[in-house]
Amino acid sequence: MKRSEKSSTSVVSNNKQQDVNIISSNEVGVKEENKGHQEFLLKVLILSVIYVLAFSTRLFSVLRYESVIHEFDPYFNYRSTIYLVQEGFYNFLNWFDERAWYPLGRIVGGTIYPGLMATASLVHWSLNSLNITVNIRNVCVLLSPWFASNTAMVTYKFAKEVKDTQTGLVAAAMIAIVPGYISRSVAGSFDNEGIAIFALIFTYYCWIKSVNTGSLMWAAICSLAYFYMASAWGGYVFIINLIPLHAFFLLLTGRYSHRLYIAYSTMFVIGTILSMQITFISFQPVQSSEHLAAIGIFGLLQLYAGLSWVKSHLTNEAFKKLQRLTVLFVLSCAAAVLVVGTLTGYISPFNGRFYSLLDPTYARDHIPIIASVSEHQPTTWASYFFDLHILVFLFPAGLYFCFQKLTDANIFLILYGVTSIYFSGVMVRLMLVLAPVACILAAVAVSATLTTYMKKLKAPSSPSDANNSKESGGVMVAVLTVLLILYAFHCTWVTSEAYSSPSIVLSAKQNDGSRVIFDDFREAYRWIGQNTADDARIMSWWDYGYQLSAMANRTVLVDNNTWNNSHIAQVGKAFASTEEDAYIQMKALDVDYVLVIFGGLTGYSSDDINKFLWMVRIGGSCDPNIKEQDYLTNGQYRIDKGASPTMLNSLMYKLSYYRFSEVHTDYQRPTGFDRVRNVEIGNKNFDLTYLEEAFTSVHWLVRVYKVKDFDNRA
C-alpha cells in the first residue's frame, strides 16, 4: 500500500515537473517571440529614420535658394525630360536637336543614356495619374534625394547579405550622409549618377544573392538591374568588368560551383542582350575592348564546366591529354579572333576616358578636352578625407575583417574595394563609386568591433580580468561613438556648405554672417531669351552650352557633350585669337552673340580667364599656330602689365576686361583691379572694333557681346 502511494506520489511530482518544464519552455518561447518582434520593430524604425534622413539632408539647396536645377549637365537632362514628357518616347529616341552644335546639330536619342529621363517622366506620369499634380521641374529636383533613400535601403540588404543585419544597418546609416555620394545626389542634381549608384548597388546585391543561392530568379533580377544601370550611366562598364573579375577569382581560388555557373551565365547572357537594346550602347558589348573580359570569362566558365563533366567519364591520363589540347585550341582561337577583330576594326579600341583610367597621363598628353574637365583630375589626399572622413581609416579595417573569413561575398567586397580605390585615385569623379563600398567596409569594421567589445562589457571572461575587460571595452565603445558623432557633424557641414550650392545661383557670406545672392546667370539667360532673335547663334565656351539651350532657348555652337573636339577647338581658337582674326572666324561660324563669364569684380574664380589656357591648348590641338607659350611670360600665366602681348590682345582678354578700367573693386586699389588674380590688369585703354557690348549682368559675372555685321565697303 505504501509502495503504491509512493509511486503515485512520484508520478504526480513528475507530471508537475513536466508541466513546469512545459510552462517554462512556453514562457521562453513567448519571450523569444516577443524579442523577435521587438527587434523587427526596432529595425523598421531605424531604417525608416535612415530613409527620411537620407532624403531630408539633401534639401539644403531647396530651403536656401529654391527648387532649381544645379550645375551644367543636369540642364540638358532637364530639357530632355521635358521633351520626353511632351513628345513621347518614340519622338524622343528620334529627336534631332538643331539648337546644339551649330551648324552640325545633334542626334539626341542615339547619343545619351535615357534611363534618367525615362525614370523622371515615369514618376511624373505616375503622380499625375493619381491626381497628384506635380511640376516636372520639381520631379527632376527631388529625384536624386529619393533615389539616395532607396540606395540606403539597398545598401542595407547588400551589407546584410555579405555579413549580418547589424552591419547592414550601420552601412545604411553611413551611406545616407556620406559626402562622397551626396555630392551627386543633392536636390537639384538631376544627373545620371543620381539614379546610377542605386542601380549599381542593387546589381551587386542581386549578384551576391544569386551566387550565394544559385537561383535563376535572382540572376535574372540581376540582369534587369544591370540593364537599368546600362540605361542610366556609362559606369555600367565597371559592373561588367568587376563581376567577371569576381568569377575569375572564384575560379582561381577553387571556389567554382554550380551556383556560380548559373549566376554568371544567366546574368551575362540576359544582361548583354538587354543592354544592347540601349541605342547608345548598341553592339558595344560584343565589339568594344571594355567588354572583352566579360566575354572571355563567360567562355572560360563554359570550358571549365564542360571539362568538369568530361572528367567524370575519362581516366586521369586521358583527361589531362584532352585538357592540354582543349586549352591550347581555345587560346589559339581566342588570340586569332582578337587579332583579326582588331585588324579589321570589328573590335573597337578603348575610348579616351577608359585609357585615362589605365594611364592617368594619357588625357593630359593626347586629349586636352578630357583633361580640362575638373572632375577628370586625379584625387588629392585632402579630397578623400573631405568626402569620406573616418571611412578612410575604417576602410582598411573592413578589408582586414573580410580577409579573416573569406567567403564568396567577402571576396567580391574585397575586389570592389580595391578596384574602386584605384579608380577614385585616378579620377576624382569616381569617388562616387568608392563611397558605397567604403561605407560597407567601414560598417563591417564598426559592427565587428562593437560586437567584440560589447560582449566584454556584458560578460567578462573571468573575475580576475573583469575590470580590465570592461574598462577596455568601455573605452573602445566610447571612442567609436565619438568618431561616429564627428562623422555625422562633418557630413552635415560638408553637405550644407560645399555640396548644396547650385552653380547657376551663387552666394557669399558677409562679415555679419548674412548671405549675398548672385543671380547673374539666370538674369543673363533671361535677357538673351527676351532680347535676341529666336534663331540667334551664341558662342561661348562649352561649359555653358547646356544652360544656354535650356534657360535661354537659343542655338549654341558647342555644349557639354564635347563629342566633336575639332568644333570645340574652333571656338577655343577664336577666343585665343586677336579680335580681328576672331571676327573672321565668328562670321564663318554665323555667330551673332558671344558670352563670357568674368569673375574679376566679385572674386568668382571659375571664370573664363582662369579657363583660358585650356581654350588655348584645345585650340592649339587643331591649329599649330596657337601655342601656349605665346600666352605665358617666363612660364607664368599673367594678366597684369607683365603679361605677354598675345595674351593682352586676345579676344577673351578684351571681352572680359572691356570697360573694367572704369570700375573700382576696392577703395584701396586702383581701377581695374582683378579680385580673382589679385593684380591690376595690364591692358586698360582699348576699344572693341568688331563687337559691341550688349549686356553685362549686375555683378559683371556674365557679359554678352553682339558681333557686328560686315562693313559693306569691305
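Glycine is no exception: its Cβ is also placed from the backbone N, Cα and C atoms.
Checked against Swiss-Prot, the residues ASN467, ASN560 yield a single entry marked N-linked glycosylation site: ASN560. Residue-level annotations in Swiss-Prot identify, among ASN131, ASN553, ASN553 as N-linked glycosylation site.
When Swiss-Prot records ASP191, GLU193 as binding Mn(2+), the matching candidate from ASP73, ASP387, ASP408 it lists for that site is ASP73.
Checked against Swiss-Prot, the domain name for ALA187 matches that for ALA371, so both face the same side of the membrane. Other than ASP73, ASP191, GLU193, the residues of this chain whose Cβ falls within 8 Å of the Cβ centroid of the Mn(2+) site are, in sequence order, GLU71, PRO74, ASN77, LEU116, ARG184, SER189, PHE190, ASN192, GLY194.
This prediction places the mean pLDDT of the motif 'DK motif' (608-615) at 94. In this chain, the transmembrane segment (144-162) does not touch the transmembrane segment (216-230); fewer than three CB pairs sit within less than 8 A of each other, excluding pairs fewer than 6 residues apart. Among residues of the same chain six or more beyond the transmembrane segment (258-283), those with a C-beta under 8 A of the stretch's C-beta atoms are 93, 109-114, 207, 210-216, 218-220, 222-224, 226-227, 230-231, 236, 240, 243-244, 247, 250, 294, 297-298, 301-302, 305, 408. Taken residue by residue with DSSP, ASN560 (N-linked glycosylation site) is part of neither helix nor strand, so it is coil. Helix, strand and coil content of the motif 'WWDYG motif' (541-545), in residues and according to DSSP, is 4 helix, 0 strand, 1 coil.
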